[in-house]
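Feature list (source: TrEMBL):
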- GLY111, HIS188, ASP253: (6S)-NADPHX binding site (BINDING)
- LYS224, GLY225, GLY226, PRO227, THR228, GLY252: AMP binding site (BINDING)
- 5-312: domain 'YjeF C-terminal' (DOMAIN)
- 154-180: region 'Disordered' (REGION)
Amino acid sequence: MSPALPSSAPVKLRSRASDSHKGSFGRVMLIGGSRGMAGSISLSSIAALKSGSGLVSAAVPDGCLETVASFHPAIMTRPMADDSRGRFAFEAAACIVDELAGVDAVGIGPGMTTAPGSLRMTERLLHQVHVPRVFDADALNALSIIGWREQPVSCRTGKRRDESESDQQESGGPEAAGCFGPLVLTPHPGELQRLVGVPAGERQQQIEASQELCRQTGVVVVVKGGPTVVVSADDKYVNTTGNPGMATGGSGDVLTGVITSLLGQGYSCWDAARLGVWVHGHAGDLARQEHGIVSMTALEILQSLPAAWSGLT
Ligand SMILES: NC(=O)C1=CN([C@@H]2O[C@H](COP(=O)(O)OP(=O)(O)OC[C@H]3O[C@@H](n4cnc5c(N)ncnc54)[C@H](OP(=O)(O)O)[C@@H]3O)[C@@H](O)[C@H]2O)[C@@H](O)CC1
Ligand SMILES: Nc1ncnc2c1ncn2[C@@H]1O[C@H](COP(=O)(O)OP(=O)(O)O)[C@@H](O)[C@H]1O
Ligand SMILES: [Mg+2]
């Protein structure tokens, strides 16, 4: 029996002009990975490619560069300083802002660990980078650890107040809407518990706390689950695709790449998050159809993205 046709996508896919070139569809960078978790950032990077990005780079700890590079020849890799355990070193954070010159969107977090270098990297991405960003996995854990909402941040400059005397006079703090620029958070319930302090089992309360977070900071939150709910300051979207076969390691890493790609193509955070979760769930449904709910893996979700996107063009 074939599954029911999917409900329609919440956002219309943009058409491609005949004179478009790779720069027309966004240059994106995925940041993450570590020794032992090179697969996660590879899944994200390939998902971005398969979601239409013109150019995809992966910034990874030097020690896992060859592994990440070997998964797909079209992914460019940027070696970043690593520590003795194959995680981002503190020095990696020093040059990440320069690495992002000319990049249209960034996704950070999968497989990154919460090593000191990763915490610093996340902090830089939060305060010093203003292109649209997706924070997932360990970037979310890093936010919880660094106490991102308690830090006095200038909405105008993005600097911490103690970094700039002139900011002392400015009104508004990190709680003012839009402080962090265009930013999508993609927590699963465990990560969300760390972020907002509401237990993973309390789904409705987690959604409400996420919306409060959106109101205070201007971010968009993808509350993962079955079904995933996308939350903004004044709206909620309940996704209609996906299935429990997607409860398999790496499926969220694929989503990170999909949403980052859409941000790089110019979709707003709200549209990129809604369209991203929809097509990701649709790919999951196609993977289930072909491989079954028991055996499907994140790799099959990734490999179903072309068919999922084709249904929209
Ligand atoms: N191939 C690779 O390289 C892969 C690498 N990966 C990388 O691994 C790193 C760790 O990420 P993670 O998500 O595996 O672990 P973590 O953040 O500790 O969260 C788990 C905790 O949250 C709780 N929890 C409650 N509800 C939950 C829910 N619905 N969904 C999920 N969890 C839920 C859960 O509760 P429990 O299961 O114990 O009931 C547990 O206490 C990260 O860098 C990631 O990118 C992965 O992407 C996989 C593929
Ligand atoms: N029961 C389910 N029904 C629908 N989707 C699910 C279900 N379980 C997990 N998913 C989806 O799979 C993904 C899991 O993300 P995440 O937990 O971050 O995985 P990982 O970190 O292993 O890549 C999310 O997009 C989530 O919505
Ligand atoms: Mg995850």
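Backbone N, Cα and C atoms are what each Cβ position is placed from, and that goes for glycine too.
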Neighbourhood of ligand 3 - binding-site residues from LYS224, GLY226, THR228 with Cβ under 6 Å: none
Cα-Cα distance linking HIS188 ((6S)-NADPHX binding site) and THR228 (AMP binding site), given in Å to the nearest integer: 9
Rounded to the nearest Å - Cα separation of GLY226 (AMP binding site) and HIS188 ((6S)-NADPHX binding site): 11
Using Cα positions only, nearest of the binding-site residues to GLY225 (AMP binding site) (GLY111, HIS188, ASP253): HIS188
Cβ neighbours within the same chain of HIS188 ((6S)-NADPHX binding site) - under 8 Å, at least six residues apart: LYS224, GLY225, GLY252
C-alpha spacing of PRO227 (AMP binding site) relative to GLY111 ((6S)-NADPHX binding site), in angstrom: 24
Remaining residues near the recorded AMP site, that is with C-beta within 8 Å of the centroid of the site residues LYS224, GLY225, GLY226, PRO227, THR228, GLY252: HIS188, VAL223, VAL229, ASN239, GLY242, MET246, VAL277
Distance in Å spanning the most remote Cα pair of LYS224, GLY225, GLY226, PRO227, THR228, GLY252, given for AMP: 13
Max CA-CA distance, Å, over listed (6S)-NADPHX-binding residues GLY111, HIS188, ASP253: 14
Cα separation, PRO227 (AMP binding site) to ASP253 ((6S)-NADPHX binding site) (Å, whole number): 17
Cβ-Cβ neighbours of ASP253 ((6S)-NADPHX binding site) (radius 10 Å): 31
